[in-house]
Each structure stands twice: as C-alpha cells, then as structure tokens.
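Visitor: Before we start, here is the structure in question, set down as structure tokens.
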Amino acid sequence: MKVKVLSRNPDDYVRETKHDIQRVPRNYDPSLHPFEVSREYTRALNATKLERVFAKPFLASLDGHRDGVNCLAKHPRSLSTLLSGSCDGEVKVWNLTKHECVRTLQAHEGFVRGMVVRHCGTSFFTIGDDKTIKHWKMEAPGYGEEEEPLNTILGKAVFTGLDHHQKNAVFATCGHQVDIWDEQRSTPIRSFTWGVDSFSSVRFNPVETELLGSCASDRSIVLYDMRESTPLKKVIMTMRTNTISWNPMEAYYFTCANEDYNLYTYDMRHLENPVKVHIDHVSAVLDVDYSPTGREFVSASFDKTIRIFPKDSANSREVYHTKRMQHVICVKWSADNKYVLSGSDEMNIRLWKANAAEKLGVLSPREKQAIHYSQKLKEKFQHHPQIKRIARHRHLPKVIYHQKNELKVMKEARRRKERNVRKHSKPGSVPVVSEKEKHVVSVVK
Amino acid sequence: MASPSEADVNVSHVEKKKKRPVRYWQGTEGKAKDDSKTEGQPEQQKRQQNRIKKKRKRDEQPDGGKKVISRRPVRYWQGTEGKTKDDNKTEGQPEQQKRQQNRIKKKRKRDEQPDGGKKVISGKSDPFPGPPPIPKGKLEKFKRKGKIQKPLQHHYKLKDIITRSEEASEMAQKQAARFDLLLPEDAGFLEGDEDEDTCMISQEDIADAVDITSGAKHFNLKLCQFGPYRLDYSRTGRHLLLGGRRGHVACVDWQSKQLMCELNVMESVNDVKWLHTEHMFAVAQKKWLHIYDSNGIELHCIRKFNDVLRMQFLPYHFLLATASATGFLQYLDVSIGKEVAAICTKTGRLDVMCQNPHNAVIHLGHPNGTVTLWSPNQKEALVKMLCHQGGVRSVTVDKTGTYMITSGMDKKMKVFDIRAFKPLRSYFLPTGASCLSLSQRGLLSAATGDIVQVYRDVWSTPVTKPYMAHRVRGSVWGLGFCPFEDVLGVGHGEGFTSMLVPGAGEPNFDGLDANPYRSAKQRQEWEVKALLEKIQPELITLDPSELGYVDRANFEQRHQDRVEALGFDPLGKEKFVPKHKKKGRSSAAGIERRKRQVAHEDQRDVIRKTVEDRMKLEEERNRMKEKKAALSGKRSALDRFKK
C-alpha cells in the first residue's frame, strides 16, 4: 500500500515572528476563483462610486483683485507662477503653491486686455484699453525703485489680443488689424487686414511657429503665415468666435470657443467642416485652453461653469462650478497637466484639479497599483449601464440644469420640424445637413 | 520518439562527430528539417551550415582527436512532456496554428543554432537558451477566452486595442501557468499493492501508515444520545459544525480538537450551516431559523423563515438559501439581514438541496424524480430535469459546475452534464445512496445505509468498484468533504466519524480567498474585502460569465432605434385600403379580391427583386472569377494582341 495524505507544515504558512509580514500563498487556479466576471464588475462598480465620492476638484481660490479677472498667463518656465490681469488695469503675479500674490502692478488704465510671458520667462507683455503695449520685467523692482515697464509702445487703436512667438523676439497683437511686432521696434513689422473688422484674439501655432490664427468680430477665423504679406484663409461661421487654442501635440488642430454655446475643433488643412462639435455649455463660451498632452481641453463659459472635453468627444467629461463663481472669463490648463486655473467676473482666480478624483501628493507603490487596477476595471466595464450612469452623473446648478433641458427641447423641436418638412417635400429637395456642416457659412482663401 | 535521456544513453563513445543532443521538441522536427534540406534549401542557409561544420571541426581539433561526450543536463520538463506534445501534434490541427508553430520553430532554431546562441566569455554557449517552454496542459488550465475575431482594417484603433489586450492576457496566462509549477504541495493518493483493492484498505491502516498529524485526522466522536448528525465544514476547512437531530449543536476546531461551543437547542435540528466566517452559523430548528455565534449565543431568530429543512450558503453573494417543508425556497442576505427572495416552488416538501458552486444556482430534488434549478431572480424554475423514476434522494454538483450527480429512490446514481443538461452515466447501487458529496478534486462519496463509499472519476470512466469504503455505526445522515484536507466527515446515528480520503482535497489554497492558516487580522481584512465585493443577487444566472460578453443589438432593436431616430418606420408598408366603389361594386367579395390582387402584385415585386439581385450577384461573382483567372494565368508577350 502506498499512501500520501495532505499534511501541511504550519511553519510554511504562518509568519515566524510578529515582526514579519503575513505569508499569503497564492494559487491562481481559475476553479478556485469562481464568479470572476461578476466580482470584477462589483469591484468596478465600487471603484466608480468611490471615484465620485472622492471627486473634490476645487483646491483654492486666489483673491486680491479689485475687479473682474480679464486675462491669465502661464509662466513657461515656472509651474508655480501665474499672472493675472483685471478689468481695472491691475496685474498680479501669484505664487500658486503658497496661494498668495507676490507682486501687484498697475499696468494700464482701463482693462488689461491681454498678457503673455516671453518664452524665456524673464519678462512679460501686457496690452490694455489705453492703447499701449507694455513690456515688464518678471522680477519685482528693488527696494525704493519705481515700478516701471521696460518699454511702452503707444498704438493707434485699442488692442484686444496678444501672443508671443514660441522662439523669436516677435509678438502679435490684434485689434482693428493683426500686427506682428518686433520686440526692438516701436512699429509693427507686418499688419494683416481682411475686410473691415475687429479681432478678438490671436494665437501662435506652437509647432509651426510662423503660423497664427485669429478670430474676428465678423464671425470669421483667419489663419496667417507670418512670412507672407497676406492672410492664408478664413472660415466664416454662423456666430462669432471668442478665442481659439491650438492643440500643442497635433498642431494642425485648433479649437475655437464660439458664441453659439459650442466649441469647434478644426483641422487647419480642411476648414470646410469642423472635425468635432463640442456641445454642452448653455451660454456663450468665452475661453478655451488645451492641456499640454493635447488630449483634452478646458473651456470657460458665460454660464458660470468650466468644462473639460476630451479632444475627440462631443460631450464634456467634467463640469466645474461653485455657488460663488460668476461668468468665467478666462481659463488656463497648467503645464504639468494636473491643474486648471480659471479667472472669473467676481474678482477671483480659482485653482482646480484637472482630474477631479485624483489624489494629490506622493503615492505609495501599493496605492499606485490599486489606482491602476481600479482604472483598468472602470475602463473594462465602462459601457455597462449602471456604471456608465454613475460615472457620467454630474450635479448641475438648477439654472443650468433647466437651461440644458430647455435647449434639448428646442433642438428636438427644430429637428422634428425639419424632419416633417423633409417628409412632406419632394425627396432630395431638403437635404440632410449634419451638425458639423450647419455652423460653417463659407471658407475663403 | 525516443525521450531525450534515451538519446543520450544511446550515444556511443566511438562516435565520429559530436552530435548535439536532442531536446524533446526537436525530435521529429529535426528530421523534418533534414528532409526539407535535401529537397532544396536556400543557398545561404547551406553555406552557413557548412561554415558551422567547419567551425566545429576547428573547435574539435585541439582536443587531439579525443572525443569528449558532454552529457547534457536534463530538465524536469523533458521527461514526460515530449510525449504529450507529440500526441497533440498527431491530431489534426488547423492550418494557421501549424504555420504559427513553424514560425516559432524557426525562431527557436535561430536561438538554438549552436554558435548563434548567446556566447559566454568562456566560449560556451547556453545549453538552454530562451525561456523554458510551458507545458501545454497548464497553459490550457488558465485559458479564459478564445481569440477574438479581429475587426476590419479601417478600425485600426480598435484593432490595436484588441491586440494589446490579447497580448496582455496571453502574458498573464503564461505567468500563471509558470507560477503553477512552483506550487508547494502535491495532492494525496492511495495505491494498493498488486492484487490489493484500495477499497479493502481500512481507515486504521491508513492512519497508521501516514504521519501522526495526518493520522490524528481520523477519529470518531461517539455521540449516541442526540444523533443522527448533520455537519458542515467552514470554508477554510478549519472548523466543523455538528447538528444532532435531537437538538445538540456543537462547533469544533477539529484539527486541534478544541471545542468552541456546545449547546442543546431543546428542539429538533434539521440542518446546520456556517455563514461567511467561523463566527456565525445558522441552525434550522423545528420552527424557525436561528443564527448563533461561535460562543453559542443566539444572535437572531428569523421568523420569516419557518420549517426550514435544508440550507445552503452562497459565500460570494452572502446569501443563505433555505428550503422549507412548506415548499418555499427563501434567500436571506446575511450581510444586511434582508430577505432577498421567497419563491414558492409548489412542489411540496423540499428536503434535497445543493448549490452549484460555479454559478450559485440552487438545485432542488423532488419526490417525483425531478431536479429543479433556481435563482432568486425568477419565480419559476430555471430548469426542470426529470432525473429519476421515483424520488430524488440526494443531489450534488462539482466545483466547476460541469457535472451534477443525483441519486434516487430507484437505487440509481446518475451523472449529468449540466451545461448541456444531458445524462452522462448511470450507476446502479444495490441499496441506493442516501447522501452524496463531491470533494474539491472530484472524489464522490456516497452513503449507502451505514457504509460510506468513495468513488473516483465517476464521470470520465465507468466505475465498477469504489475507491474507498468504510462502515460506520448507524445510518449516515450527513456527509461532507473538508476543503483543503484529505478528510471526509460523516455524521451518523452514533455520532461523527472523520475519514481519511487521500486525494480528496485541493492541496494548494489561495491565501486571499480561503486561508486555513489566517490570523485574526487577516480574517478581518478578508471580511471587509469580501463584503465590499459582494455580488448582487441579480447577477445569479446559469452562465456566470455572461456579464463579460458584448450585448449586441439584434435586428429588431436596431430597427427600433432607427425608427426612433427617423421618426417613421422606413421599412413599414402602408396598408392597402381598397377604395369604396359605388353602385354595388364594393361587395365584400370584391374588396377581398382587390386586396388579394394587390398582395399578389407586391409579392411578385419582391420575388422579381430577389431574382434580379441574385442574378446581379452571380454576374459579379463570374466577373471576379474571370478577372482572377486572368490575373493568375501567366501572361505571355503575345497576350497583348489578344482581345
């Protein structure tokens, strides 16, 4: 007779001393782990719920301005520095880690319309309603010294937008026309006009650095090449565009914030149709800024919310609002892809997490692993209705909620009417116009 | 094919050329390769070979002609695997797989090439380059799903995602299979000498033959006052719960033989069951269902559950399923203390019950010979199977949820495949089996009167005699294998007997699931985790992996969506309403005739259209064929003059 009976030595399975960690022998045999899918699903559901529980995006509010914040500027070299300009002509430099203002200067009379930090990070430019362009040093003046700009250029008309070239000592302004300035000269080296209009914003392309785009009050977006004397092309839309922002990774895409509550992502090469129409705001969109990864962008709206959109999705993945935040005028995505900054009408700058449920600070490896695991699970089960519902749900202020529903009803009514017209007219006489095609009037070259 | 060790032995010392020893996977392939070589090989390869040969000669010369046979070390996997692999190869394999294998072979060959392999400074090459192959059976064990059909070319992103996830799962599968080789324990076994039946070996002999700790696992508890006994082992296998018919309830840490609590409920006890931990257990008493803790303190008396006869605990759902004498199947969620479902089965007294551990479906046996399958989400049975002529006495399901074994009043024991609901085997037991129980490794114990028989492989091969047998005092009332131990607990009229059944228990437990050696802290942590991932009762279905499949919209759903989007039904047909004619020409018959005419016309249209479509398709196909033929046929210079 040969016999063997299971007989385990407890020493192999129990820790030796109290100071050791517990032994956990594993056996991955699937038959010992039944209900794999249902258990994973439950885990995914829990992870999704916890994500919503931990979604606390608001970090800090920076107060100190005495009028609405009109423009923000990121520092290209320092993550913790932020510049803001307000409607009373004041510019403040902030230290974001300490949540405090480090410098205040009265830059202009009237609004500060635009602000940009030079690529080297040692100085910055401001424009204001007083028709001046001022060049300031980033360092605060020494004790007893007076706060004075390095250089002041007096223009002929009011400037409304400003951007600096990525590498060269060249910047662009817009107002009645788009001007390209050399830093050393007091007159523009090039001016672009296309019809009589006023421009609201101008932005340099971050990759093709000689290209720039601007949006004008005649509902058009115009593209320029700095090396040429005439503009490249423009697209005219049904409503006015407020600002544009280039995708920093795929720099042939840009997104524009429109007055018709939508954002449009265009491919620079094919302006006939937008690549994507981003709906969700319930009022005019005032500002837009891309994340440095180029996968998402944040938009600020007159409806007192800011929203985060994935670049190829029509709907926003996130909406931020507080009871106190009024019309959001300007928004920026921080260069480390972690924070969003918004400046609003009621004189505050707000600091938000870009990923609402993210845990800040140093993570232990096990924490990291757990986060990765739950992330993967959420991804795996994202289309299950219950998980989808929880992950998508966002609380909205009552006004916005009702406005959203109202817009939905209006849209549906319009659609229904069009459908009825089509149904009762000669086939082919009322063509189907897609949402993308609807908003473009024409493209001019 | 000779195994590699044999090949080594056969090498004679006077051989001319040093031959590379053969690895098990090279056996036939090498030959095949040789064959192909003779047929016609690319020039380059030949040249390379020549070079290699020369090199080898050069290497050998310094030895002064003295041949040293280096015996290659044999690895553990080389012995048996080669054969199984060979068997697999002889079976008809799909073309693609073969091709892939060839590719792998080539790759290996490249790795293997004597002088192409990794070189160490000493000039030797690695005798076993690359990772060791994983036994196929092990890989198969961890396989989850077959390959997904790749989407079309233009879904490049989706394709990429699928490829990546497939790669990841393949890697996980391989790692798990590799890890399986490292598991510390082996399963037990019992083998008789020649002309000695294992079923004739007595428990005392086994207990004497094995070590002391294992020998101590065979014991008898003489409890003749309050019997017969039902029993239940906790999920980790450390604790034993005994419930005597006449009210005696005891829980024991049976390995250390420590009594945790003992009480007499002063009522008849129908069944006992551990809940999720060894701190709580449920006792089905004469009238109500009671919950006690491990100190014997009554925690709850649940008056919603009356006349309970049998109970089952679903550990991942935290559900206690009870079957009562009034024909009710009730589910109690023990984590929140709520009754989840109460189903009136309308089949009378329910005293045969078991659960399918694979999908948490409850099986009930009935006096009319049927076995019904139940989930808490449905008021009717999921499945009704007629299994026996005469009543069903006992039911049990194996842990993979593939086989169900039933015994009936007709003295038969039957094995069913419950994925296909088909009978597989039927055995005749002279006295019939009153209790059945399956172990983790698939041993079946059946109680026939006062004899407990254990069978092996009841579903794969027809069994003629039991693997083990043991006679207890008094008729058997409860049977249960202890998880992770080679122990079978038998509750009978005279108390309790713990039997040694080598090969019954799963040798390697998973520490995060059910750990017999867990500390109090570990148990607490496990409890929190387990409660967090409690599966909702709505997810109990016949196929537990159903949640992982894509829910494809069928034609009707898609059509409905389309109708909703468009606002009208594009496929809908207006119903023909015949015009009303005057002067008596609109008689009922006339209307009917006109209707039929129109319907006929419609049908003719449809037929015409299908015929046309078919013709077109055929034409297209012919054209394609011609084109292909024209392309494949060799064109000569004169072909251009052809029209």
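Using the three backbone atoms N, Cα and C, a Cβ is placed for every residue, glycine included.
What TrEMBL records for A:62-104, A:278-319, A:321-362 is repeat 'WD'. Residues or ranges marked as domain 'Sof1-like protein' in TrEMBL: A:354-440. Residues or ranges marked as region 'Disordered' in TrEMBL: A:412-436. The compositional bias 'Basic residues' annotation in TrEMBL covers A:413-426.
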Visitor: By DSSP, what is the split of the repeat 'WD' (A:62-104) into helix, strand and coil residues?
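Guide: For the repeat 'WD' (A:62-104), the helix, strand and coil counts are 0 helix, 25 strand, 18 coil.
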Visitor: In the region 'Disordered' (A:412-436), how many residues does DSSP call helix, how many strand, and how many coil?
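Guide: Helix (H, G, I), strand (E, B), coil: 14 helix, 0 strand, 11 coil.
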Visitor: Determine how many residues of the repeat 'WD' (A:321-362) DSSP places in helix, in strand and in coil.
Guide: 0 helix, 18 strand, 24 coil
Visitor: Kindly report the helix/strand/coil residue split of the repeat 'WD' (A:278-319) according to DSSP, in that order.
Guide: 0 helix, 20 strand, 22 coil
Visitor: Considering every residue in the repeat 'WD' (A:278-319), what is the mean pLDDT value?
Guide: 96
